[in-house]
Amino acid sequence: MIIKPKIRGFICTTTHPVGCEANVKEQIAYTKAQGPIKNAPKRVLVVGASSGYGLSSRIAAAFGGGAATIGVFFEKEGSEKKPGTAGFYNAAAFEKLAREEGLYAKSLNGDAFSNEAKQKTIDLIKEDLGQVDMVVYSLASPVRKLPETGELIRSALKPIGQTYTSTAVDTNKDIIIEASVEPATEQEIQDTVTVMGGEDWELWINALAEAGVLADGCKTVAYSYIGTELTWPIYWDGALGKAKMDLDRAASALNDKLSATGGSANVAVLKSVVTQASSAIPVMPLYIAMVFKKMREEGVHEGCMEQIYRMFSQRLYKEDGSAAEVDEKNRLRLDDWELRDDIQEHCRNLWPQITTENLKELTDYVEYKEEFLKLFGFGIDGVDYEADVNPDVATDFIAI
């Protein structure tokens, strides 16, 4: 079939398998061009491995460090009539390309929050790798099914205490609007912590540790975003921020546990990037369009792949073997360039000046839209979008 982008809300409901593969190839090419990561781990588990930072982590480990990788994710396959999710095609492309280079790559597809996912992953590690040296936790899900009760818990992207009103961009109509978001209830705050906090990361690491599949010196990292006062009301000071603070709590508990065998647990605070997750957060698209333009001008712009390669090579697995620099909460900070005073001051001053008329001129809004479509495999150089493609891509993912 010939597949074109169809946008609904902040989701593109179609995906292009060839475009998704081209995306993965681009990230692999970048990683190889940077050269090998000297002290990289050799057996890596990535929970949430099919898109965004999780996918880039798997690529950095495999193509930057020569690691055997296991990926866990929840994606839908395509059929002859309907494309699957972008993450499905990303993961399929990754496996194919890794194996072509003689790298071990296996994936489990299903609910990563479930007990079954953890057990099947443990079984696979025991069977094929023995143990793992690194666990990346990169789940971004709006819903979590509690394994014990089957209850569905939903997160809320809302402020706390009062209604938040701000300038935002309507990405469907490309116009500047005033967006208001009602505050979260106590229950919604608790639920957001349950879905997006550190509990499931702890459950994963504890299950892996109890099964004896974590090697001595195993490092684990989970991803977070803090941002600046421009986004704090909806993010760090909102329900989502409470969940991210819970991630810090979990990191501290896990670090105590893993340090006994020479390992570590850290939250890595990353920069804002265009992902399906960030596009759903009110105000983020406009902020990203502003900050990207300034960071590009300053020569410090990074996408997912650049950030993660820097995290591996300059933080966790440095060439001289020295310990990673961390902040006062033991976090790895890769948002350091985004948070530079000159960059943030530029955004603060620009924010009130943005109108529908000057949006494309004063920000990287056009590039934001292009990057968004790229997530789904569209608008990529060298891909023939008039060609007939089969959305039914064969894989040997292990069903959870």
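Residue numbering: from 1, along the chain as shown.
Quick reminder: no glycine exception, Cβ is built from N, Cα and C everywhere.
The active site, proton donor feature in Swiss-Prot is assigned to TYR235; the stated evidence is sequence analysis. The local packing around TYR235 (active site, proton donor), expressed as other Cβ atoms within 10 Å of its Cβ over all shown chains, amounts to 25. In the three-state DSSP classification, TYR235 (active site, proton donor) falls within coil.
Swiss-Prot lists 48-53, 74-75, 111-112, 139-140, LYS244, 273-275 with the feature NAD(+) binding site, giving sequence analysis as the kind of evidence. In three-state terms derived from DSSP, LEU139 (NAD(+) binding site) belongs to neither a helical nor a strand segment and is classed as coil. Same-chain residues at least 6 positions away in sequence with a Cβ under 8 Å from that of LEU139 (NAD(+) binding site) are, in sequence order, VAL47, GLY48, GLY54, ALA112, PHE113, ASP200.
Sequence-distant contacts of TYR225 (substrate binding site), defined as residues of its own chain at least six apart whose C-beta falls under 8 angstroms from its C-beta, comprise TYR235, LYS244, VAL269, LEU270, LYS271, SER272, ASP335. The substrate binding site feature in Swiss-Prot is assigned to TYR225.
Among the features that Swiss-Prot reports, site 'Plays an important role in discriminating NADH against NADPH' is placed at GLU75, with the record citing sequence analysis. Secondary structure at GLU75 (site 'Plays an important role in discriminating NADH against NADPH'), as computed by DSSP, is coil. GLU75 (site 'Plays an important role in discriminating NADH against NADPH') has a Cβ environment of 21 other Cβ atoms inside 10 Å.
Rounded to a whole number, the distance between the Cα atoms of SER50 (NAD(+) binding site) and GLU75 (site 'Plays an important role in discriminating NADH against NADPH') is 8 Å. Cβ neighbours within 10 Å of VAL274 (NAD(+) binding site), excluding its own Cβ and spanning all shown chains: 24.
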